[in-house]
Amino acid sequence: MAGRNDTVVTEFFLTAFPEHPEWGLPLFLVFLSFYLLTLLGNTGMVILIRVDGRLHTPMYFFLGHLSFVDICYSSVTVPQMLAMLLERGAVLSYTRCAAQFFLFTFFASIDCYLLAIMAYDRYVAVCRPLLYVTVMTEKARWGLLAAAYAAGFSSAFVRTVTAFTLSFCGTNEIDFIFCDLPPLLKLTCGDSYTQEVVIIVFAIFVMPLCVLVILVSYVFIIVAIMRIRSAGGRAKTFSTCASHLTAVSLFFGTLIFMYLRGNSGQSSEEDRAVSVLYTVVTPMLNPFIYSLRNKEVKEAVVKALSRSKSHGRP
């Protein structure tokens, strides 16, 4: 193996569920329906927030951008996965693999930062309600959003350069649905200590840092809710955070399981199942989580539907 360390890898061959070729068409139809629901739900959420004046608040400002990022995040991987399921594999050039890895990391990082910012927004709304308007100004919102994009770009750039300066040897087959870090690490050979340190540092300063911001915010929120005397008041206040907590648990739960564990000896089928959760299922569920558990969004949906019906009448 040592003699193959300098082999130049010019392309990767991705396979999707090679142990079960008969799953190709059924999974294609399932994932296609999930992807269409992702596009429909998130696009609808963006439009709804834009057209309904009651949703022109900081929380929905960030939610609208989260929906936009989820569309991009899902579109980086799912169309290729659908093609792989039909063709039982896909060949990606080295450059295209790196580009996909960069874009996926970029949008996934922004997702992390936006969820953390939304937790901070809920903290200010619940714990500092009198200061909410002065803290969450339009300038502050755009500044936080720009910081999320800048941090996402920086982390994606560092991660991509780090991952693709590794030496790859042996097979160029990636038993995964897209070019992601865990399957790429399985193809490496030679000394990769420096790159692995950078990757670990990234993991520490993105996911755990965002999770820490979310946890601290909700500790203060829970303390504030417990001080409310009426049970109805506590339930009403907590309901404004329930959708965000559900989305956070779903997104970070799957990502932490995937990335903060060792990459050797893991089941490829297990990896693929988890990756489907955070690339296909989570972006699809987010708009439904926020619409079904949020009174303002439900009222805006009903209003939009009634308006469309009235316009459709002669």
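Indices start at 1 and increase along the chain as displayed.
Even glycines carry a Cβ here, placed using N, Cα and C.
Note on the domain 'G-protein coupled receptors family 1 profile' (41-290): mean pLDDT across this stretch is 83. Taken from TrEMBL, the feature domain 'G-protein coupled receptors family 1 profile' applies to 41-290.
The transmembrane segment annotation in TrEMBL covers 23-48 (among others).
Here TrEMBL flags 60-78 (among others) as transmembrane segment.
The transmembrane segment annotation in TrEMBL covers 98-120 (among others). Below 8 angstroms of C-beta separation, residues 59, 62-63, 65-66, 69-70, 72-73, 76-77, 80, 92, 144-145, 147-149, 151-153, 155-157, 159-160, 163-164, 178-181, 184, 206-207, 209-210, 213-214, 217-218, 244, 247-248, 251-252, 255, 278 of the same chain, each at least six residues beyond the ends of the transmembrane segment (98-120), sit close to that stretch.
Residues or ranges marked as transmembrane segment in TrEMBL: 140-158 (among others).
A Cβ distance under 8 Å defines the sequence-distant neighbours of the transmembrane segment (197-225), meaning residues of its chain 6+ beyond its ends; these are 109, 112-113, 115-116, 119-120, 122-123, 126-127, 155, 158-159, 162-163, 181, 234, 237-238, 241, 245, 248, 252, 255-256, 259-260. If you look up TrEMBL, you'll see 197-225 (among others) marked as transmembrane segment.
The transmembrane segment annotation in TrEMBL covers 237-260 (among others).
Within the same chain, residues 16-17, 31, 34-35, 37-38, 41-42, 44-45, 63, 66-67, 70-71, 73-74, 77-78, 81, 108, 175-178, 180, 243, 246-247, 250-251, 254-255, 257-258, 297 sit at least 6 positions outside the transmembrane segment (272-290) and bring their C-beta atoms closer than 8 Å to a C-beta of that stretch. Among the features that TrEMBL reports, transmembrane segment is placed at 272-290 (among others).
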Inquiry  = So if I exclude everything within five residues of the ends of the transmembrane segment (60-78), which remaining residues of that chain have a CB under 8 angstroms from its CBs? That is, six or more out.
reply    = 31, 34-35, 38-39, 41-43, 45-46, 49-50, 100, 103-104, 107-108, 110-111, 114-115, 117-118, 121, 141, 144-145, 177-178, 279-280, 282-284, 286-287, 290, 296
Remark   = For the transmembrane segment (140-158), the distant same-chain contacts (Cβ-Cβ under 8 Å, at least six residues beyond its ends) come to 58, 61-62, 65, 102-103, 105-107, 109-110, 113-114, 117, 198, 202, 205-206
